[in-house]
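The annotation domain 'Carbohydrate kinase FGGY N-terminal' is assigned in TrEMBL to 6-250. According to TrEMBL, the feature ADP binding site maps to 13, 17, 265, 308, 409, 413. The ATP binding site annotation in TrEMBL covers 13, 14, 15, 265, 308, 312, 409. Annotated sn-glycerol 3-phosphate binding site per TrEMBL: 13, 83, 84, 135, 243, in sequence order. Summarising the annotation, TrEMBL assigns glycerol binding site to 83, 84, 135, 243, 244. Among the features that TrEMBL reports, domain 'Carbohydrate kinase FGGY C-terminal' is placed at 260-448.
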Ligand SMILES: Nc1ncnc2c1ncn2[C@@H]1O[C@H](COP(=O)(O)OP(=O)(O)O)[C@@H](O)[C@H]1O
Ligand SMILES: O=P(O)(O)OC[C@H](O)CO
């Protein structure tokens with residue numbers, strides 16, 4: 001039977017998705033399931049690994065049924081996932097010993113501040129391309145080992161396994177046979193040296209994490225094992241990358257200097273820097289774009305923790321509208337924010353501020369402020385945050401960005417994309433397929449099996465849907481950009497440590 005399809009498993013922060021692509025990169029079918037978020041304490045965020053697995057395996061079966069395609073016609077599976085989120089499980093029982101600690105969780109803020117004040121910041125930056133922040137996996141693993149009864153002894157005895165979500169899914173898909181991660185997920189743990197491509201003993205000993213817990217680090221495009229589940233039994237798992245890296249690949253940003261921004265729960269801007277691991281002088285991260293065969297390509301990244309999530313908060317927390325897309329009409333009903341600025345630092349601030357103690361605020365309110373102004377200020381905030389990161393990126397890379405390729409749930413919002421282009425004073429380009437994260441994972445799998453010959457074939461499939469050009473001049477936006485920075489200043493260092 002001919003193999004006509006690639007299956008992408010896209011395990012995101014708020015939902016698990018499975019998408020079936022045909023060879024031209026067109027979507028044949030999508031299945032999606034949201035799963036519960038747990039907020040046990042202020043600024044803590046957890047997921048239940050078994051709910052992640054049950055939602056992901058359910059959508060995998062559902063998408064094939066929806067498309068009426070049998071697993072025998074699926075060439076291979078590509079996995080992509082929310083990054084940094086930590087699962088620790090017992091190797092013997094396969095049971096997690098704690099809920100997954102999610103990338104947004106701030107419980108280890110004091111721990112990472114100590115790493116900084118203890119003089120480890122430069123070493124961490126040099127080796128990992130990251131900076132000490134609770135965002136990354138390492139401090140979360142240490143927290144589990146320190147706080148779950150009996151965990152440290154079990155870890156020392158070699159009975160525990162650690163994984164980011166990619167690792168957890170492969171473990172489940174292969175029924176405990178394969179314990180691997182890929183270079184892009186590994187490089188977000190703060191435990192890997194991005195220059196050697198291996199776990200780093202100095203970092204492991206600093207965080208007291210035994211090497212025996214860790215998965216093997218593999219490339220992004222190779223066969224890791226075969227699926228053991230009945231719905232997809234025998235299909236090779238052949239692609240794996242963190243969601244932002246997969247999106248960079250799916251956007252065909254294959255040349256140095258090309259960049260994308262994914263507007264999901266957070267926003268993540270990545271710029272390809274080729275084989276050079278560019279060191280940021282402006283508080284961006286140096287990250288692995290992908291590793292294919294023995295070649296590693298790098299990227300600069302600006303990670304913004306809250307973007308689409310602010311829309312969700314206005315929807316669910318404030319009840320301003322019923323569905324996320326409805327924010328567009330509400331925000332469009334006013335010509336501007338009437339002086340309102342909204343800093344959505346719900347989970348502290350990521351790049352380029354890196355302040356885990358910042359908290360959200362809305363300023364500039366008057367008796368004339370309405371829900372529409374607040375909605376518009378939320379969209380402006382999404383755009384402002386990306387501009388802050390892109391400004392830093394231009395300085396670090398020494399290149400002015402020619403265009404920004406966009407994707408993710410909130411990129412469907414035309415008003416937001418126009419605001420982005422205005423504040424950026426540059427071209428914003430949205431492709432026909434905005435599921436580029438899943439597409440990237442599928443393509444990585446297809447490259448490994450020979451379904452695709454080379455990257456050129458993939459790049460040729462990328463098609464533009466809509467281009468946004470600035471409608472306002474540089475002078476017109478100057479005042480707003482200045483006020484945004486004033487608002488950010490006010491949000492800083494708000495939460496006091498215990
Ligand atoms: N039309 C829209 N305008 C603004 N935000 C949107 C729109 N549609 C979806 N969103 C936001 O995008 C996010 C979902 O995007 P998605 O790429 O699925 O995220 P994730 O992968 O992080 O779960 C949600 O936070 C939602 O509020
Ligand atoms: O699930 P997303 O799309 O919000 O992405 C989460 C990021 O990978 C976190 O680093």
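Cβ atoms here come from the backbone N, Cα and C positions, even for glycine.
Overlay of TrEMBL feature records on the structure.
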residue: 13; record: ADP binding site; DSSP class: coil
residue: 83; record: sn-glycerol 3-phosphate binding site; DSSP class: coil
residue: 135; record: sn-glycerol 3-phosphate binding site; DSSP class: coil
residue: 243; record: sn-glycerol 3-phosphate binding site; DSSP class: helix
residue: 265; record: ADP binding site; DSSP class: coil
residue: 312; record: ATP binding site; DSSP class: helix
residue: 409; record: ADP binding site; DSSP class: helix
**Fill in**
Judged by other C-beta atoms within 10 Å of its C-beta, the most isolated of the binding-site residues 17, 83 is 17
**Complete:** CA-CA within 10 A of residue 13 (ADP binding site), subset of binding-site residues 83, 84, 135, 244, 312 in residue order, equals 83
**Request:** Starting from the ATP site formed by 13, 14, 15, 265, 308, 312, 409, give every other residue of that chain whose CB sits within 8 Å of the mean position of their CB atoms, in sequence order.
**Result:** 12, 264, 309
**Message:** Measuring Cα to Cα, how far is residue 265 (ADP binding site) from residue 84 (sn-glycerol 3-phosphate binding site) in Å?
**Reply:** 14
**Request:** Could you round the CA separation between residue 14 (ATP binding site) and residue 308 (ADP binding site) to a whole angstrom and send it over?
**Result:** 11
**Request:** Pick out which of the binding-site residues 13, 244, 265, 413 has the most other Cβ atoms within 10 Å of its own Cβ.
**Result:** 244
**Request:** Please go through the binding-site residues 14, 15, 265, 308, 312, 413 one by one and keep those whose C-beta falls under 6 A from any atom of ligand 2; give the result in sequence order.
**Result:** 265
**Fill in**
Result for ligand 1 contact check over binding-site residues 13, 135, 409, 413 with Cβ cutoff under 6 A is 13, 409, 413
**Request:** Taking only the Cα atoms, work out how far residue 312 (ATP binding site) lies from residue 409 (ADP binding site), in Å, as a whole number.
**Result:** 11
**Asked** Excluding 83, 84, 135, 243, 244 themselves, which residues in that chain have a Cβ inside 8 Å of the centre of the Cβ atoms defining the glycerol site?
**Response** 82, 85, 103, 188, 242, 268, 303
**Asked** In angstrom units, rounded to an integer, how far apart are the Cα atoms of residue 244 (glycerol binding site) and residue 83 (sn-glycerol 3-phosphate binding site)?
**Response** 8
**Request:** For the domain 'Carbohydrate kinase FGGY C-terminal' (260-448), would you mind checking the mean pLDDT of the predicted model?
**Result:** 95
**Asked** Looking at Cβ-Cβ distances, which residues of the chain lie under 8 angstroms from residue 308 (ADP binding site) while being 6 or more apart from it?
**Response** 263, 264, 265, 266, 267, 324, 382, 408, 409, 410
